[in-house]
């Protein structure tokens, strides 16, 4: 009888641990970090199709992206893509920050939206800020780090 109670307690404890691990992994992938597979040729020669990269989603809670960083971003929904072919079923992109656009001067002769100008390394294969314009911060999903050897 006592052994049976110990077995039941062990199974319940193990079940709680497994559920806690699953919840923790889900929260980590949703809010902190994830892995992604590169598709397409827009980041050649640095990243090739099928390369695996680490995406740090929590990178920009307190600070902003800087020039040269690799970012994972989603396509701005309100923009109309005119000069490029939209890839089938591609919802997110990896691009490099080319510059940060902050135009608060009302007397400036050129008006641009605030945002991040993101460019692919392979300009002939990229859909990027040359097509969409500056990408707003709320479309940036995280900072990308290549994983050597993958």
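Any Cβ shown, glycine's included, is placed from N, Cα and C.
What TrEMBL lists as domain 'Peptidase S26' is 15-98 (among others).
TrEMBL lists 114-145 (among others) with the feature domain 'Peptidase S26'.
As annotated by TrEMBL, transmembrane segment applies to 12-32.
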(request) Calculate the per-residue pLDDT averaged over the domain 'Peptidase S26' (114-145) and state the result as an integer. (result) 85
(request) Could you give me the DSSP helix, strand and coil counts for the domain 'Peptidase S26' (114-145)? (result) 7 helix, 12 strand, 13 coil
